[in-house]
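Peer 1: Structure in structure tokens, see below.
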Amino acid sequence: MESDRTSSSSSPKGQGVNFSAPRSFVVKLRSKCKETFFPDDPFKPISQEPNGLTKTKKTLEYFVPIFEWLPKYNLQKLWYDLLAGITITSLAVPQGISYANLASIPPIIGLYSSFVPPFVYAVLGSSNTLAVGTVAACSLLISETFGEDLLKKDPNLYLHLIFTSTFITGVFQFALGFFRLGILVDFLSHSTITGFMGGTAIIILLQQLKGVFGLVHFTHKTDVVSVLHALFTHRDEWKWQSALAGLCFLIFLQSTRYIKKIKPKLFWVSAMGPMVVVLVGCLVAYLVKGTEHGIQTVGPLKKGLNPPSIQYLTFDAKYLPLVIKAGIVTGLIAMAEGIAIGRSFAVMKNEQTDGNKEMIAFGLMNIIGSFTSCYLTTGPFSKTAVNYNAGTKTPMSNVVMGLCMMLVLLFLAPLFSYTPLVGLSAIIMSAMLGLIDYEEMYQLFKVDKFDFLVCMSAFFGVSFLSMDYGLIISVGLSVVRALLYVARPSTCKLGRIPNSVMFRDIEQYPGSEEMAGYVILQLGSPIFFANSTYVRERILRWIRDEPEEVEFLLLDLSGVSSIDMTGMETLLEVRRILVSKGIKMVIINPRFEVLEKMMLSHFVEKIGKEYVFLSIDDAVQACRFNLSTSKSEPCS
């Protein structure tokens, strides 16, 4: 190989490697920031518009999505959205009361939370299908975080702290969306969410046994052992009448879900089920004067729209750590759940949602909600599924739900004061049975055992320890797995596919041909301080395990997206070791960023530009015709 080659490496078949001057720091920083925070390049279509007015219009549509879909709105869409909005309202009322009861706050707060937030989401949300409301998991987590002692000591302070934690949630979600830090949500993997939701469903199901059996005394702890202990300790309080009613309600609700499953067009039967339970329960409790016979009911619900609650936000240093913890943890879970659900249904309709826009919408929804007597809201699965099945076309269905909730609050709220707690328990239990995804867990077990372990750690951690510990353990295992991928990157030995110039992994393609005297390795991850020792030892092991004498080591770096100084020093160290054994090392297809660093650090000068090639075939041809006759240069 000619030693005077200065601009590129070439071969009889190949185009030379581009050794152009490295980009400036500012250019590289801009490129990195764009790829990190704007991977979808959302402003490119706006910048391509010819005139300023159109650019302003497109910018407004991007930041406030209602300006994009409202001008195209028509009566046909309104009909579908009207039907969907009324249908999800029938679910919002019983769920709002039930989940507020789960959070140990006044039931009317659950109704308030389905009035104001839907209007905010309709203006700012990017999903045409997502329906806004409260969720069971976060409701229980809020109750667990603030605890029974505070609730008994000062119920008003307890409620004010929940408003404050909702405000913190909103600020946290808005900040993540505004600064485009949705990457943080990615640490909640699909396996973690599946296990967490399943474990949460188990403890919520057990918590509802209090209402089913009509118990007066019960534990506020959420782990399985404590709940079962409380249930059997207070056997003397069990009421068979309540248990029978709960069983009948549950059978009815599950029957409606089964009807929906076998005949999807009858989705409205399942959607109306909870409202039927509430109305029947209210009627029976009213006619038989249930409170006089030990039937526990929701209690008084006053008429009227959401009163302001901004004056109740409490930032007392004594409770601030607790408030911040509740706000951030529930905010992260609610955000991950809402975005995942929105994306899932968007895929079904061949649409797209913007995760960062969703975070901003959720954030402002909860900030404004905390000012208007609402607690944490997001996009619950059950309500969104009903919205989708009802044929919703735009976020207008949330506006319809908000208007219907306004009518309920103004005129009908007191009627629901007779709702028996056993009916609410049955509604929650029916909803929770659908959250335990056995099929997905089995699929994880079949496909990836470590993913299954992550899922089960969340499931059992939540069930037997607490919701925070279960989440922490599962996320911790996910992070450990990510670190293992980084610290132990994949490497493979390549062989030539017969009668071609393609080189592939010899384990995956056993028919590929190994070339005598050549070891061709492909590195598949960034090379930096955390894995450089492993990379060095693995390369040397490949050489050591080779049965025949090795003359050339070819390193394919096409899968190496980045490298640091430690990584480059490691490669130089490997080269020095190989040169001492009479083996020549060749670099193949380093990516732009990697090659830039190699040039700036004089790595290329030290190994020689003639040892850098664009493709494996180029390198093999050059080694075959040139390197075999050249003398290895002294190591730097």
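Every residue gets a Cβ built from N, Cα and C, even glycine.
All TrEMBL annotations are machine predictions without curation.
Copied straight from TrEMBL:
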{"type": "DOMAIN", "residues": "508-623", "note": "domain 'STAS'"}
{"type": "TRANSMEM", "residues": "78-99", "note": "transmembrane segment"}
{"type": "TRANSMEM", "residues": "119-146", "note": "transmembrane segment"}
{"type": "TRANSMEM", "residues": "158-181", "note": "transmembrane segment"}
{"type": "TRANSMEM", "residues": "187-206", "note": "transmembrane segment"}
{"type": "TRANSMEM", "residues": "266-288", "note": "transmembrane segment"}
{"type": "TRANSMEM", "residues": "322-347", "note": "transmembrane segment"}
{"type": "TRANSMEM", "residues": "359-378", "note": "transmembrane segment"}
{"type": "TRANSMEM", "residues": "398-416", "note": "transmembrane segment"}
{"type": "TRANSMEM", "residues": "421-438", "note": "transmembrane segment"}
{"type": "TRANSMEM", "residues": "458-486", "note": "transmembrane segment"}
Peer 1: Do the transmembrane segment (359-378) and the transmembrane segment (398-416) share at least 3 Cβ pairs under 8 Å, sequence separation 6 or more?
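Peer 2: Taking Cβ pairs at least 6 residues apart, the transmembrane segment (398-416) and the transmembrane segment (359-378) are not in contact, as fewer than 3 fall under 8 Å.
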Peer 1: In the same chain, who gets a Cβ under 8 Å from the transmembrane segment (458-486) while lying at least 6 residues past its ends?
Peer 2: 137, 140-141, 144-145, 187-189, 191-192, 194-196, 198-200, 202-203, 222-225, 329, 333, 441, 450, 525-526, 530-531
Peer 1: Is it true that the transmembrane segment (322-347) and the transmembrane segment (421-438) have 3 or more CB pairs under 8 Å, sequence gap of 6 or more?
Peer 2: no
Peer 1: Pop the mean pLDDT for the domain 'STAS' (508-623) in here, whole number is fine.
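Peer 2: So the average pLDDT across the domain 'STAS' (508-623) works out to 90.
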Peer 1: Using DSSP, tally how many residues of the domain 'STAS' (508-623) sit in helix, strand and coil.
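Peer 2: Computed counts for the domain 'STAS' (508-623) are 54 helix, 21 strand, 41 coil.
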Peer 1: Six or more residues beyond either end and a Cβ under 8 Å away: which residues meet both conditions relative to the transmembrane segment (398-416)?
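Peer 2: Tertiary neighbours of the transmembrane segment (398-416) are 81-82, 84-86, 88-89, 92-93, 97, 107-108, 111-112, 114-116, 118-119, 121-122, 125, 130-132, 278, 282, 298, 300-306.
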